[in-house]
Amino acid sequence: MAFQGKKLINNPDDVVTEFIEGLVETYPGLQYLDGFPQIKVVLRADVERGAYDKVAVISGGGSGHEPAHAGFVGPGMLTAAVSGDVFASPPVDSILAAIRAVTGPMGCLLIVKNYTGDRLNFGLAAEQAKSEGYKMEMVIVGDDCALPPPRGIAGRRGLAGTILVHKVAGAAADAGLSLADVAAEAKHASEVVGTMGVALSVCTLPGQVTSDRLGPKQMELGLGIHGEPGVAVVDLQPVDVVVEHVLKQILSQETQYLPITRGSNAVLLINGLGATPIMELMIAARKAVPELQLEYGIAVDRVYTGTLMTSLDMAGLSITIMKSDENILKRLDAPTKAPAWPVGSEGNRPPAKFPVPVPPSPSVKGDEILAQPQELSKQGCILEAAIEASATEIINLKDILNEWDGKVGDGDCGTTMYRGATAILEDMKKRYPMNDAAGTINEIGATIRRVMGGTSGILYDILFKAAYASLKQSTPVSANEWADALEASVAAVSKYGGASTGYRTMLDALIPASTVLRQRLKAGEDPVTAFMASSEAASAGAESTKQMQAKAGRSSYIAPDLLASIPDPGAMAAAAWYRAAALAVKNKLHGSKS
């Protein structure tokens, strides 16, 4: 069902002019011609009319492809960009206004994407400019590789490869070359570049409804950039499969759109179509580079990844390949102040992977011991029972923790804690030197760091790292030394996490536990009894979070009335594993008395 697209705009008829106004406010090196709304031209602020002593390079087309084309205006790239309305070619008068504003005695090159309206309007403007005495050349870019030849008189559509042609021509002009030479370099670049796009959604024009042409599990191959249908609608595929298909199409020896063969060098551009996260573009880049190198024998000299030539809010990407040589690389590497030109690698590509320097584990010796079954000491047996009970309790609480967190956070507390607990149970038999309490605590922290992730993972890692620092000189560990370690852990989590009592976090369970444990031990109470009393304090502290207003974590963004009667999941988890450990210790030491 079609529905009205949501846009952060004012009047749909004003989107292009208001975009241009915002652009020049953002980038002081740009200006626009005072001819709104008919004339929509962005130009370099440092170019004096009629006095520019280099070849002017002008491009443009319909709007809706931002940051193209206006975002590529600047020294070393375009001298001016002419905008039409959304997906509509700019009128002849606008193109003429741009030519007159920036063209000096060296002449002007027009770079035009291969669409009929653009060809006709830019062509007529070029002829009119010639009649006025301007030296003019025009290069048309048709880099679409989705459709097999012949394409009739329409030819191949101009896509994101046009941006690379802009850069080559702009750098050549900036180097002081003649109009003929700048045009020749631009024409050569246009002949060695190919692009194909893939869409996951249909774009929505300002003020119009969103098309339901694509289903939720479909994608479109070989799209244009004006919302027109692609070559084929297919089932959604993993990005690696998509990249393989697109590269195969661009480099097809049947179509021979590109003069690239095994042993060639190339430049790669991964372009977002407007609503594609940079994460997804980088995932595609990570596949495309080795695919080109290993499957096609093509050396990748430069990689550019970003949102450069869009189709409004379309989700999807296009891949562009340009055959490179020494001169093209020189032009691409030349400096430019165009605000939207992406940062690309220069020079030889080093290996993508570099080994991570890993310090030796403090318990390497323990790992060697674990090559054979351990004979546990009394303290080792108690520690093993406590860890196993704590981890098991967290595993059992997974669903209720997620339920609570779904109401006051992001809903994954139970899953995150479960991930840590199951990994601890797996690692304890093969990695933990159970007779070495400090070493075991350190390894628990390492396990958590490896598998838990998120804020809770790092906070628990800090907690165990601080406990290890407190315990590492103690063998065996006394009850008071365990209390010292708990105090050190609580202090570290509070220091780095920023929370304290009453903030509605796991510290609302651990701080009361630490306080009561210290008090009971100072009073001379039996350590097991003191441990149990501190676990009751932890449970009471966790329950008290039901009445607290969150001051830390994601719950701090939730309205207080939505938190009422729901305990903090992190505090409840901490109280649960702490109490399970206390009960396990009690059963080990006082089992016969209870």
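Quick reminder: no glycine exception, Cβ is built from N, Cα and C everywhere.
Automatic, uncurated: that is what TrEMBL annotation is.
Taken straight from TrEMBL:
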DOMAIN    11-341  domain 'DhaK'
BINDING   GLY62, SER63, GLY64, HIS65, LYS113, ASP118  substrate binding site
ACT_SITE  HIS226  active site, tele-hemiaminal-histidine intermediate
DOMAIN    381-583  domain 'DhaL'
I want to check the contact list for GLY62 (substrate binding site): same chain, sequence separation of six or more, C-beta distance under 8 angstroms. What comes out? SER83, GLY84, ASP85, VAL86, PHE87, ALA88, SER89, PRO90, GLY117, ASP118, HIS226
Neighbouring CB atoms within 10 angstroms of the CB of GLY64 (substrate binding site), all protein chains considered, total 27
Are there residues of the same chain, six or more positions away from SER63 (substrate binding site), whose CB falls under 8 angstroms from its CB, and which are they? VAL15, VAL16, PHE19, LYS40, SER83, GLY84, ASP85, VAL86, PHE87, ALA88
For LYS113 (substrate binding site), nearby residues of its own chain (Cβ under 8 Å, 6 or more apart in sequence): SER59, GLY61, ILE140, VAL141, GLY142, ARG157, GLY158, LEU159, THR162
Site extent for substrate, whole Å (max Cα pair distance, GLY62, SER63, GLY64, HIS65, LYS113, ASP118): 15
List the same-chain residues at least 6 positions away in sequence whose Cβ sits under 8 Å from the Cβ of HIS65 (substrate binding site), in sequence order, or say none. ILE225, MET309, THR310, SER311
So for the residue listed as 'active site, tele-hemiaminal-histidine intermediate', how many other CB atoms are inside 10 Å of its CB? 18
Mean pLDDT over the domain 'DhaK' (11-341): what is the value? 94
Those same-chain residues, other than GLY62, SER63, GLY64, HIS65, LYS113, ASP118, found with Cβ within 8 Å of the centroid of the substrate-site Cβ atoms are GLY60, GLY61, ALA68, HIS69, SER83, GLY84, PHE87, ALA88, SER89, TYR115, ILE225, HIS226
